[in-house]
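Here the structure is laid out as structure tokens; the discussion comes afterwards.
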């Protein structure tokens, strides 16, 4: 065996390696959704128990200079609730907070971080169920959320040919906010459009209510954490299907348009900018109008086909799109 | 507010700060065991779902030089299963593995780490339910285990006056192993007794079977992760009681006696050496014999009284014991 390091295998190589090793976990009949879905769900009597777990590391996922401790706390909870929302009509019930802290971390920082955790948990009527703290070199936040649902959970792999592909709101804002912070830092005098984009980066909101409202009509569902491009790919591939995406239909905010005036740049941010935490889903054509009544800010950006390829169109013409997202390793 | 850092508040100050802020999580009637117990447990139909979560950080909880990646993987699972065992007759069902990895981590290291996870999970017939990997400066392992039980969970706070205090096996081995590694490193030629102690540090085993066998007779239960002294204190305080501990009855291994010949040193390691992961419990006097039939390697080391103080005796005489354990911050 070659002693390759993980920066050369890449994140997806690493995930494949791990998936492989634990494929047999799928044999358990109580498991409703497993590796490859946004949360792990198992049956317990009439309930589906859904569990999500994510780790955020200082200077990788957040920078203390760019965001307040309260925002870090809130965001850590929101991004995990987003993974619960990605399973459909599930209520997040309990949050567990693991913290790795450098000994020099100030008491005020921790108090404000916890204020952020608490505010986000209160918003979802979720109890902070436990947590532990250990010494670490960088602030490390490991959140586990337990959700309980009574309806069928919606997985990534149920999209059918002809289904419409819908999304809950606009894309590219969070990535644009991050780009601004990278370019100008925090001392810069930002205008209100730029502020909006930065706030989308620092204060994302999970689309839990939307998921709960539309869940029972959906054939597949996931949240968009690593950019629309990757999420479309996952939905299509996991369902064994292909898709057509109409780029002119991808919704972008008026702030994004004001700050990044080029069409191409807007679409780049929408497709490859991470951390929008909007939902993407598929729904039979017959249900499309009903869904827009339930959640008016839904847009349809394409449809599922049986081609096993994802094709992008702009103004009716097929486009070559090359992945240009962020690599974790 | 003073801007104190956490190295001056200390770990227990930090826990108090956090506990305080989230005391209201106890109001939820589905919560069976919450903050202050080894696992968080909630009712779901007829099941108790128990969840434990722990984070291990390189150079804080393990050193790559002192232990193999497989051992690190196994230990990470065992210490979390130990927290499940500390709730009584609960079956660990699902494990979640969050990993923070420096980009230079070798593929072989990760494969062996996962081999360790997998071996320990197989041992407990537990499925690896999911996991995620993020970039980090130091190897960070965050494990969440979900256990399911049908019987009453055993908490820390149920000890009654007159109950005997029992433990599952010998103490001080893991701490002694760590002391040897600190003193002589890994290149040293250790004898078989020293090897035994080091293996207790690197390969702890959760006392799950024992917990499952004796659970229904117990009034309180916890696992000893930070030394016997702290665990006795927790059981007594959480139950609103006191205790008498007979130090001559604290079981120590023959290897510990061979390597550390002084009585005082042995007792120091047993009381303050961490990571033995034995169980400590209380049981009504009438059940004490039955328990020893179920688990022959049980010893009784003291009894609960109503004094609200923990007193230590050696050879019939009360001893002054000063806490001298490891501070996390």
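Here, residue 1 is simply the first one shown, and the rest follow in order.
Including glycine, each Cβ sits where the backbone N, Cα and C put it.
All TrEMBL annotations are machine predictions without curation.
According to TrEMBL, the residue from B:52, B:68 that belongs to the Mg(2+) 4 site alongside B:38, B:83 is B:52. Secondary structure of the domain 'PurM-like N-terminal' (B:36-148) per DSSP, as helix, strand and coil residue counts: 34 helix, 49 strand, 30 coil. Across the structure, residue B:225 (ATP binding site) and residue B:275 (substrate binding site) are spaced 5 Å apart at their Cα atoms. Note: residue B:275 (substrate binding site) has non-local neighbours B:79, B:174, B:175, B:178, B:201, B:204, B:225, i.e. same-chain residues 6+ apart with C-beta under 8 A of its own C-beta.
Cα-Cα distance from residue B:52 (Mg(2+) 4 binding site) to residue B:83 (Mg(2+) 3 binding site): 6 Å (rounded to the nearest whole number). If you take the Cα of residue B:83 (Mg(2+) 3 binding site) and the Cα of residue B:54 (Mg(2+) 1 binding site), they are about 9 angstrom apart, rounded to a whole number. Here the binding-site residues are B:38, B:54, and the one ringed by the most other CB atoms within 10 angstroms is B:38. For residue B:156 (ATP binding site), applying a Cβ distance below 8 Å and a minimum sequence separation of six or more within one chain yields B:36, B:37, B:38, B:220, B:221, B:222, B:234, B:235, B:238, B:239. The number of other CB atoms found within 10 A of the CB of residue B:223 (Mg(2+) 3 binding site), across every protein chain shown, is 25.
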